[in-house]
Amino acid sequence: MIDKRDDKPFKLKSKYKPSGDQPQAIESLVDNIEGGEKAQILLGATGTGKTYTMSQVISKVNKPTLVIAHNKTLAGQLYGEFKEFFPDNAVEYFVSYYDYYQPEAYVPSSDTYIEKDSSVNDEIDKLRHSATSSLLERNDVIVVASVSCIYGLGSPKEYADSAVSLRPGQEISRDTLLNQLVDIQFERNDIDFQRGCFRVRGDVVEVFPASRDEHAFRVEFFGDEIDRICEIESLTGKTIGEVDHLVLFPATHFVTNDEHMEQSIAKIQAELAEQLQLFESEGKLLEAQRLRQRTEYDIEMLREMGYTSGVENYSRHMDGRSPGEPPYTLLDFFPEDFLIMIDESHMTMGQIKGMYNGDQARKQMLVDYGFRLPSALDNRPLRREEFESHVHQIVYVSATPGEYEMSQTNTIIEQIIRPTGLLDPEIDVRSSMGQMDDLLGEINQRVARDERTFITTLTKKMAEDLTDYLKEMGVKVKYMHSDIKTLERTEIIRDLRLGIFDVLIGINLLREGIDVPEVSLVAILDADKEGFLRNERGLIQTIGRAARNVDGHVIMYADKMTDSMQRAIDETARRREIQIAYNKAHGIVPQTIKKDIRGLISISKTSHNDISKEEMDYESMSRGERKEAINALQKQMQEAAELLDFELAAQMRDLILELKLMD
């Protein structure tokens, strides 16, 4: 039985106090939640402190909260901010744990079967386990997630019921504990002690939970009784302290007991027989042979090991669900009365809607050609209406709410005033004739003031041509395209803030969540080309990138005024008017946002020693020695980045740059 700690309140720690229209927004949101309002919108302009407002609301309503962002980068940024606001509570991070993922697929036109290929990030897997275990053990939990939280995860009841609960004085033999650990997918490894493993030394069993990365537990037996349980450092074995209760959750989210496994296998066999009969009646002998071979192999693995590659495709049988019934997801791990906050809801809700259809189209092909049983179709993300059925209370957060959110509620709470007094930027509309020379002049003005520039284009070719042109003109510029990975994107933003380059060019990467106070100019090329990237919502989001600097300015290059441009300009002017009036009434002088230059997310520290300039005298080294030092630093930098410790990786990157300049 898991003893859930439900008496610990959320405790917000911050040097800031609500200001501007934050107090009114916080009070309205809290009153509506406590009054039972199901859905409401926080319409917060860029830079008004929406995350701080969300934190204040969470601390006041005191409910377990799920915050959903539309990509890993934004989820990481929010995770870092919530960790700072709630250091004494459980702030968790739940995103897809794949560094690389090629889903299983079949292309009939070329008779090509593509096997599932993936690379799991061990650090993120640990954080996912930490999230689910926290939800089952306590109520003061904030989980920051990407939309991967609506994918199948395994039954929370099976996960909780399989947990092993241990206390000093408990009567249980060492061998019984070992069998229980194997049943919940822990592996015995007396040499390489890592997450999801245990090791045995006489009457001592050491267990490394799947949700930890530095600390494990030592269970000491005296006969058939637990004598003592200690928390230990996993690397050194040094005792940190004694614990009076230890709960060990399964090492995988897909777990079942022996009796349930046999029932599941019987259902898989029955479905297999039915599908084989169908294929044979249709003359699809190759498909029938393929399906029999693959499924019987999986059944054998499930019987022998309790697990098989692709076990999630049998999750309907494992969970005891009916055909078409929605899968269990992270949302099922929350108690009934929980709060959902959707960040950048105009993007995130669109993703939630689109996940199901794309998944089904790919899997149907696998079923039709005998690679998977039809039940594999029920290993899927939730449909939007299924997601809605989990919603008890929800807050949509966006500077530009979408039509869906607007259709869900009439309760819209505006947050327009920035705590720093910053105004929405002034907007110029200029002709596209001679735009390159005009833009170069504007960039040079910003470079002279040590400020940065964002440029957004509509096509990859224009972005590349503009990058080449500006480089020829002596501008330090980078182009951020869609092929750049998340970690690299984070480094590019950091380099821009540090002034390693002055201009960043992109297509659809400059709109939400890129927080660079040093940017004082946003240039929008082809502003009059109506479409997804140049509609009212997209333009307002892009304009918002210049709203964190006191000298923020936006230039739209266009040959005509579109309705979207006019509406975006009018809305920005409306907000400016409100902000100017507030500043005047309260004697506020606008100030550029001050924000530390750090990685977007820092989850854990690497175990590697940082080679600092103080520790090693690089200047007295020979060129060859410095080259060796650079190679060593580059290796450590890569390892730090893989562990998502961007701050350490960035420090090493800066040191490498300095060393290269010495030569």
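Numbering starts at 1 and runs along the chain as it is shown here.
Positions of Cβ are set from backbone N, Cα and C atoms, glycine also.
Taken straight from Swiss-Prot:
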- GLY44, ALA45, THR46, GLY47, THR48, GLY49, LYS50, THR51: ATP binding site (BINDING)
- 1-10: compositional bias 'Basic and acidic residues' (COMPBIAS)
- 435-601: domain 'Helicase C-terminal' (DOMAIN)
- 627-662: domain 'UVR' (DOMAIN)
- 1-23: region 'Disordered' (REGION)
- 97-120: motif 'Beta-hairpin' (MOTIF)
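Across the residues of the motif 'Beta-hairpin' (97-120), the predicted structure has a mean pLDDT of 62. In this structure, the binding-site residues under consideration are THR48, THR51, and the one with the smallest number of other Cβ atoms within 10 Å of its Cβ is THR51.
Remark: LYS50 (ATP binding site) has LEU42, GLY44, ASP343, VAL397, GLN415 as non-local neighbours, by Cβ distance under 8 Å and separation of at least 6 in sequence. In the three-state DSSP classification, GLY49 (ATP binding site) falls within coil. Shown in sequence order, ALA399, GLN415, ILE416, ARG418, ASP424, GLY544, ALA547, ARG575 are the residues of the chain, 6+ apart in sequence, with a C-beta less than 8 angstroms from the C-beta of ALA45 (ATP binding site). Spatially close to GLY49 (ATP binding site) yet at least six residues away along the chain are TYR16, GLY20, GLN22, GLN415, ARG418, PRO419, judged by Cβ distances under 8 angstroms.
Of all Cβ atoms in the shown protein chains, 25 besides its own fall within 10 Å of the Cβ of THR46 (ATP binding site). Following the DSSP three-state reduction, the secondary structure of GLY44 (ATP binding site) is strand. Around the Cβ of GLY44 (ATP binding site), the number of neighbouring Cβ atoms within 10 Å comes to 23. Close to the recorded ATP site, the chain also has THR53, ALA399, GLN415, ARG418: residues not among GLY44, ALA45, THR46, GLY47, THR48, GLY49, LYS50, THR51 whose Cβ is within 8 Å of the site's Cβ mean position.
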